[in-house]
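J.: Structure below; questions to follow.
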Amino acid sequence: MKLVVGLGNPGSQYAQTRHNVGWLVVDEVARRWGAVWHPDKDAEVAELRMGAAPGEKVLLVKPQTFMNSSGRAVGPLFAFYKLEPAALLVVQDDLDSPFGLLKFRLGGRHGGQNGVRDIIRVLGTQDFARLKIGISRPPAGWNPADWVLSRWRAEEAETLAELVRLGADAVEVWVSHGLAEGQARFNGTDLRPKPDPAPQPRVEAADAGPHHPT
């Protein structure tokens, strides 16, 4: 069995904020596989089987505790199903990666992401996989806490939709083929807009006609 946790905050006012991109990804996975969300203590969960029959059992999780207490939702599920850290994937926003980047990482510190921080605290280990989706550092003058709770801009919508689609693809690969395959296939993902090519110098055609003195 695999546990896939999408980090975010409950409430419609947070649904389209940067901090909730993990929820968007697990919602897309649930939609693809026809899984239905239902409440389970401090979380909403959706169960599915992925891959060829009978398939790998997967429990998608959206903590309902607010970000900073995500471990309160994850810990009891982790214990109930007697899981090892290798069976857990946390889908999170990442301030340290530019918007448009997506990558897997195994273990390591929380990097200031308070949902990951609390999961590490509750589980007592860092040794679980994360799927990190870049939201970029805040612009000058922004507090990071305000930035992660800000809404996506209209001009970001197309890239966001593609990131969510690829994020769901990445979750499916992790479940079916493991972390190494996920890293190989997705850690080079870069959806940042490419700058227009620099204009090339104009080359004037040589004048083949006769030259006359003025």
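Positions of Cβ are set from backbone N, Cα and C atoms, glycine also.
Got these off Swiss-Prot a minute ago, pasting:
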type	residues	note
SITE	N9	site 'Discriminates between blocked and unblocked aminoacyl-tRNA'
BINDING	Y14, F66, N68, N114	tRNA binding site
ACT_SITE	H19	active site, proton acceptor
SITE	D93	site 'Stabilizes the basic form of H active site to accept a proton'
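Neighbours and distances for these, please.
T.: Under the three-state DSSP scheme, N9 (site 'Discriminates between blocked and unblocked aminoacyl-tRNA') falls in the coil class. All protein chains considered, the CB of N9 (site 'Discriminates between blocked and unblocked aminoacyl-tRNA') has 22 other CB atoms within 10 Å.
Within the same chain, residues at least six positions away from N114 (tRNA binding site) with a Cβ under 8 Å of its Cβ are M67, N68, S70.
Less than 8 angstroms from the CB of H19 (active site, proton acceptor) sit L7, G8, N9, M67, D93, V148, L149, each of them six or more residues away in the same chain.
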